[in-house]
Amino acid sequence: MKFTRSIIEEIIPLHNITSQEICSILNKIGLEVESFNALVAPKKVVVGKILECKKHPDATKLNICQVAIGGKEGEYEIRQIVCGAKNAKEGLFVAVALEGAVLPQVTIKKATLRGVESCGMLCSSSELGFPSINDGIIELDESIGELIIGKELSEYASFNDEVYEISITPNRGDCMSVYGIARELSVAFELELNRPKPKESENTPGIGRVLQVIAQDKKESSLAYLALENASANLPLKFLLLLGFNEVLSEGYLSNLSALCMLYTGVILNAYPQSFCQIRDKAEQERVVLTIKKDEKGFESVYNGNTKLSTIGLESNTQELNGSCGKDFIILEASYIPPHILAQRVLETKAKTNPKIFQRTSRGSNPDLKLGFDFLSEKVIDNANSLVYADWHDLIELPQTNPITVDILKASKVIGLKLERSQVATLLKRLEFKIEIPADETLLVATPPFFRHDITNYQDVIEEIIRFIGIDNVPNAPLSFIQGNKLNKAHNLYFKKREYAKKAIGAGFNEVIHFIFGSKEKFQKYGFSTLKEELELLNPITNDLNTLRPTMIVGLMEAALRNHNNGFNAVSLMEIGSVYDENRNESVKIAFLQSGFLKEERYPNAKGIKGEFYTFADRVSRVIGDFRLEENTSCNKDFFHLGQCAKVLREDKEVGIISKLHPKTSQELGLEDVFVCEITLDKLSYKNLEVKMHSKYQKTIRDLSILLDKNIPYYKLQQAILSLKIEEIVGSYPLDVYKEESLGDKISLTIRLELQSSHKTLEEKDIVEITNKVLECLKQDFKAELR
């Protein structure tokens, strides 16, 4: 849109501010200046007055005018000028280009037209380089200032003006008016706004005598009505120029009045003249009744009887608004509707709109309807000697605006500049925010004004602060990219799963994946607890997937059976996934299965190598690390082999179960030598590898053969040896077990000790000393005897 300095200076005093400063501030606060032009009327163009106007004797379209171009009344300096304008008439103040004046298209010289001498030219606005405002010569009035005959036209502000064209983003509907731009500049330059102040009329009839407004439905829009009579059919010249600059000037007085109100104040204006309302003669005068109700598409509309006059926010009846209304009775209507409601309804209904109106209403027009009427009353109606009825009807429904809490410290961090609460409060008050000061000195509660439809959250408020503080006033700081810590629980679990999966694959297991669902009947058949009845799946995918799995072993068994049926006799499988207890508590586990041969029949193993418990346990230990076993007497006796079922312990904590499948279960499946293991993954450590110093000295091996009670489990012997805390013992494990009848309830156990020092090569006396300490410990704790 475009505005001029002369118009905006009616609202804020910019007399001491240069055009460069204005352009700079507008750009800084987000109202980009697309163009700037200083328009000055040419020299030797003066104010004149037509004293006499008569037809040219030899041309029907020409007039011979006697024009005063200087002097006082009775002593005027007069020039004879031949003019072809239709609106030339006696008493009219005009712009006169004298001899020697250089206009944009022509240089004025004395000439003879059809035998009549012409000493100058009566000019139209376009001939002076200004926008065209009528079909004929320009009609000067005192809206531009006191008209003094002979005064240079360029001495009037309207003809020595600056024209600014700015680009407005769609979210800033509040700036699509001269008043909105002035409001922004007043904050930036810390100037006071001059709000229109209409004259108060006395002894005028009230509007209730001629107008009644009825709202039938619950309203979403706000409406206000003003009634007047004897309106002039011409707008002041300075406002015609403003409309001309913005290319919204039309031939109809009321259309121009509506356009001017929207352009100047941002208030949407509609006008209903006599032809709409059908007012009778005063003797029989009746009130006009306007009804506000929704039309067939749900839009609030204005009706007079059954006649639809306009749709609020979308369109007006422009046919009746065009043309002169003379001295008729006129009803002016100012309206506002929240833009989000209007835009959404238009989108849903695909309703037709008037682009000139909808462009403003959908972006947010000015909800201060009184401002529109005050402007018209002061600047237009009062100067037209019109009768304005006292008071005005209003149906106001303003949307509620929610307060926004501003953290001053956070705002300072976001902007990059330390802010004071008083500084922010003062700025927001000038932007017409309502400010509340809480007890916390770092907080501020700001409620946006009604006309700021674009401010809804904390970030919008910060944007307002930085706009007026100025990005140039924020200290420069190097941009730094600091990547946040992306390691979280889910990330660590994923990599933990993949790390153990890679180890399992390296140990010869093949990874498989199954649904977390399974057959409830099958799990119960094998003795596993399933979900409680109230926690069961409400809508299972199929009957075979009607519960959450309590274990992954059953799924591995079925996969092993399919592989066996396909001719594979050496099957090693592994799966990592979630299982659920009867209360639907989830845990992540890793399960292993080994079935059939460890190595298939192939030279040099013509009969293959069958798997057995300790080989399977060794393979699992290569995946999860060293562990020890304890007898498991509480396992599922119908599913696991009691003689080969054990708890898996790491660092003295139970982490899972390892077992051979019960022969009966294996026989039902048709599988041989099936070993399974299931470990809770959360109980396995996942740490970065730590490098340890490796001794460069020789490792020595010593075997101890002892007699002890056959019911003593080996892990207790292991714990006793570790409790000695002998640094040189780097390893110990059972080497051989010997049984015979002569030993009775005892067995012969050979324990191998791996001895190595990190400081020296062990001598024989050192080895004997360590061996004796171990033997003595076993004797005391377990009554062991050396064989």
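The backbone N, Cα and C atoms fix where each Cβ goes, glycine too.
What TrEMBL says about a protein is an automatic prediction, not a curated fact.
For D454, D460, E463, E464, the entry in TrEMBL reads Mg(2+) binding site. The annotation domain 'TRNA-binding' is assigned in TrEMBL to 39-154. What TrEMBL records for 399-476 is domain 'B5'. Residues or ranges marked as domain 'FDX-ACB' in TrEMBL: 695-787.
Highest Cβ count within 10 Å among the binding-site residues D454, E463: D454.
D460 (Mg(2+) binding site): 14 other CB atoms within 10 A of its CB, across all protein chains. Sequence-distant neighbours of E464 (Mg(2+) binding site): residues of the same chain at least 6 apart with a C-beta under 8 Å from its C-beta are L427, L428, L431, I455.
DSSP assigns E464 (Mg(2+) binding site) to a helical segment in the three-state reduction.
Excluding the listed site residues D454, D460, E463, E464, the same chain places R452, I455, Q459, V461, I462, R467 with Cβ atoms within 8 Å of the centre of the Mg(2+) site Cβ atoms. Secondary structure by DSSP for the domain 'TRNA-binding' (39-154): 8 helix, 49 strand, 59 coil.
Here the domain 'FDX-ACB' (695-787) has, by DSSP, the following mix of helix, strand and coil residues: 32 helix, 32 strand, 29 coil. Broken down by DSSP into helix, strand and coil, the domain 'B5' (399-476) contains 33 helix, 12 strand, 33 coil.
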